[in-house]
Amino acid sequence: MVYAGAMSGSGNLMDFLDEPFPDVGTYEDFHTIDWLREKSRDTDRHRKITSKSKESIWEFIKSLLDAWSGWVVMLLIGLLAGTLAGVIDLAVDWMTDLKEGVCLSAFWYSHEQCCWTSNETTFEDRDKCPLWQKWSELLVNQSEGASAYILNYLMYILWALLFAFLAVSLVRVFAPYACGSGIPEIKTILSGFIIRGYLGKWTLLIKTVTLVLVVSSGLSLGKEGPLVHVACCCGNFFSSLFSKYSKNEGKRREVLSAAAAAGVSVAFGAPIGGVLFSLEEVSYYFPLKTLWRSFFAALVAAFTLRSINPFGNSRLVLFYVEYHTPWYMAELFPFILLGVFGGLWGTLFIRCNIAWCRRRKTTRLGKYPVLEVIVVTAITAIIAYPNPYTRQSTSELISELFNDCGALESSQLCDYINDPNMTRPVDDIPDRPAGVGVYTAMWQLALALIFKIVVTIFTFGMKIPSGLFIPSMAVGAMAGRMVGIGVEQLAYHHHDWIIFRNWCRPGADCVTPGLYAMVGAAACLGGVTRMTVSLVVIMFELTGGLEYIVPLMAAAVTSKWVADAFGKEGIYEAHIHLNGYPFLDVKDEFTHRTLATDVMRPRRGEPPLSVLTQDSMTVEDVETLIKETDYNGFPVVVSRDSERLIGFAQRRELILAIKNARQRQEGIVSNSIMYFTEEPPELPANSPHPLKLRRILNLSPFTVTDHTPMETVVDIFRKLGLRQCLVTRSGRLLGIITKKDVLRHMAQMANQDPESIMFN
């Protein structure tokens, strides 16, 4: 008499997995999700909801709520991301001014807000008002002279050090993941990697607070990249409130893609640019449905920020410009030169920054993050204060460089020699010879440019939130403004030259230096990040300069070509490789002629593949195998002799299944037989209860033959987001290829260290 017959009579042998148990289908930290399984689970869930919706009104309402939950999540992300961005902008504005002085009527007012409320402010001296006092006026009652300058200098350095120290301490103690830009990690997470806590509530809180502190400290960094991380934290928080997203890692990543779009939308006031940025730069899987939802999230976020109106100009951004002169074909040459400069700067920055970050990782320097931040902040503050272009916040600097010189501008960059007989409308001032102020500004900008180039290399990558968009734009804007002034003066003094004769007559407003600053900013940002389409859209949304799309496109494409000539990686991809994240970049090409058999494990001389048999292993055998290996899963075969493939079982689910079976199913002991078939195996009558685990078995694991070209295998891993792929010949299992094996092989083929892929 066999056990199977007796049990079928009693009817109490069950597949205890008919009811889901906690944690099944979840993943461990630093592991990759199975996109195909997540997609399949979501399809099953949707099918179940659709069939149930026909049963009753209540089930129909539940199905409608499920369908609308995606839009509700987008609405919540947009509202929170927009609110946080507005609060950050207002706080940065106040704390940046706090380094120079304080408002007597209300200390929480920034310089500009303080002087708005004053009745004693004149237009000529609009930056000076009795209610706003510099530290020297407040402490020693002196506004001029050496002692006042030194005191203001010291207060500037002390405030900068205090802000930076608070930021790095908060990051170290409460949320280590709040440091850096966050975009390399978000790209990796969106590709299917799990980094627990990276998008958690503590990270959101600490990143928001420390972002205000580091930007206010005057360090050469921006808030735009970290705002994408902040928005993704919002997305992660709200998706955890809905089981549709919290229980499916694939669906959660659709929400995070849309959240990234909302982040860029509020960072630059560019909703369409945000959607394109998410599509071009950060997202791995971007279905059409996600495009619409990203658009909605970006719209809500931009609307929320506009309601807060942090800049007080009814605009979403600080850099809004209005130029009154069209550009001319002859100007394409300097625009392309700025593109070349952007590409060269991008290459230089990436190489130097990665070399410095690698040094930080491999030497004792990395053990003292607080000291490093303090030293860099001190050097930055000491060098920045004497130069007005490095003392002011980088956003204000870019705004000043983008500005066209109107009749009411008081900037040094607009100190031209005016013709006393000029009787033209205010917005159409002709080209004029440069005055003393312009030449002084040129020298100061040249020094500021060198300073920014050097200091940004050492700042990006420290253990504080640090964005790269604004410093890159500042470098390009300074170079562009200087080129623009050069071209303007050349056109003024040599208007009879053949290149100027057709379009630049004496007394005409021919060249707009601010436009050159805008083109230079786009070129440098493109050189560092290798963005093209989204960059141009962000730039024209950012500035409102719609008719200048062609110069922006020319500069962006040129900078990408030049930078790509020295290396295909942008700064984010370079940091992904530096950190060893398992990221298969869609842009990388694999052209080597290797086969699956060259990459699969086990190799020749290695122990055979660890497998499970369908109905002959005991619970103890499986537990021993799990204990002795660290593999993420095991192929299931008919028997060790035939090696015919049945399916694939995940390690985590095996552990959970055995643990739950011991708790919930009577008679499960160490020598119980585990089986993955529909019917239990024939066993002696006195055998303990067998354990049926068919429900956790993936019956359709992805397989390739041993002669499949690796080019195809890499493409499959990229496009289907696989964790592993089994290698067979005529249905017989030969080996396994994991994502890590693919990345190691690609590194080896590119003459890089294959062990640089650190994570599972």
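Even glycines carry a Cβ here, placed using N, Cα and C.
Across the domain 'CBS' (600-666), the model assigns an average pLDDT of 88. Look at TrEMBL and you will find 600-666 (among others) tagged as domain 'CBS'.
Positions annotated as domain 'CBS' by TrEMBL: 697-755 (among others). The helix, strand and coil residue counts that DSSP assigns across the domain 'CBS' (697-755) are 24 helix, 19 strand, 16 coil.
Residues annotated as transmembrane segment in TrEMBL: 68-92 (among others).
Sequence-remote contacts of a segment are chain residues at least 6 beyond its ends whose Cβ falls under 8 Å from one of its Cβ atoms, and for the transmembrane segment (153-175) they are 95, 98-100, 135, 200, 202-203, 205-207, 209-210, 213-214, 216-219, 369-370, 373-374, 377-378, 380-382, 385, 391, 462-465. Annotated transmembrane segment per TrEMBL: 153-175 (among others), in sequence order.
Nonlocal intrachain contacts for the transmembrane segment (195-215), taken as residues 6+ away from its ends with a CB within less than 8 angstroms of a stretch CB, comprise 29-30, 84, 87-88, 91-92, 95-96, 163-164, 166-167, 170-171, 174-175, 177-178, 182, 185, 188-189, 221-223, 226-227, 229-230, 232-237, 256, 393, 464-466. The feature transmembrane segment is assigned by TrEMBL to 195-215 (among others).
Outside the transmembrane segment (227-243), and at least 6 residues removed from its termini, the chain residues within Cβ reach (under 8 Å) are 69, 72-73, 76-77, 80-81, 84-85, 88, 181-183, 185-186, 189, 199-201, 203-204, 207-208, 211, 251-252, 255-256, 258-260, 262-264, 266-267, 282, 301, 465, 467. Residues annotated as transmembrane segment in TrEMBL: 227-243 (among others).
The transmembrane segment feature in TrEMBL is assigned to 255-279 (among others).
Annotated transmembrane segment per TrEMBL: 332-356 (among others), in sequence order. Residues 453, 456-458, 460-461, 472, 475-476, 479-480, 483-484, 487, 516, 519-520, 522-530, 550-551, 554-567, 569-571, 574-575, 578 of the same chain lie 6+ residues outside the transmembrane segment (332-356) yet bring a C-beta within less than 8 angstroms of a C-beta in it.
Sequence-distant contacts of the transmembrane segment (368-385) (same chain, at least 6 residues past either end, Cβ-Cβ under 8 Å): 153, 156-157, 160-161, 164-165, 167-169, 172, 217-220, 360, 391, 451, 455, 458-459, 462-464. Here TrEMBL flags 368-385 (among others) as transmembrane segment.
For 441-461 (among others), the entry in TrEMBL reads transmembrane segment.
Here TrEMBL flags 468-487 (among others) as transmembrane segment.
Among the features that TrEMBL reports, transmembrane segment is placed at 515-540 (among others).
Non-local neighbours of the transmembrane segment (255-279) in the same chain are 70, 73-74, 77-78, 81-82, 84-86, 186, 189-190, 199, 223-225, 227-232, 234-236, 238-239, 245, 285-286, 290-291, 293-302, 304-305, 315-317, 469, 531, 533-534, 537-539, 541-542; each lies 6+ residues outside the stretch with a CB under 8 Å from one of its CB atoms. Across the range of the domain 'CBS' (600-666), the DSSP-based residue counts are 24 helix, 17 strand, 26 coil. Within the chain carrying the transmembrane segment (515-540), a Cβ under 8 angstroms from the stretch's Cβ atoms is held by residues 264, 268, 270, 272-274, 276-277, 279-281, 321, 323, 327, 334-335, 338-339, 341-347, 349-350, 398, 401-402, 468-469, 472-481, 483-484, 487, 546, 548-549, 551-553, 555-560, 562-564, 568-572, all 6 or more beyond its ends.
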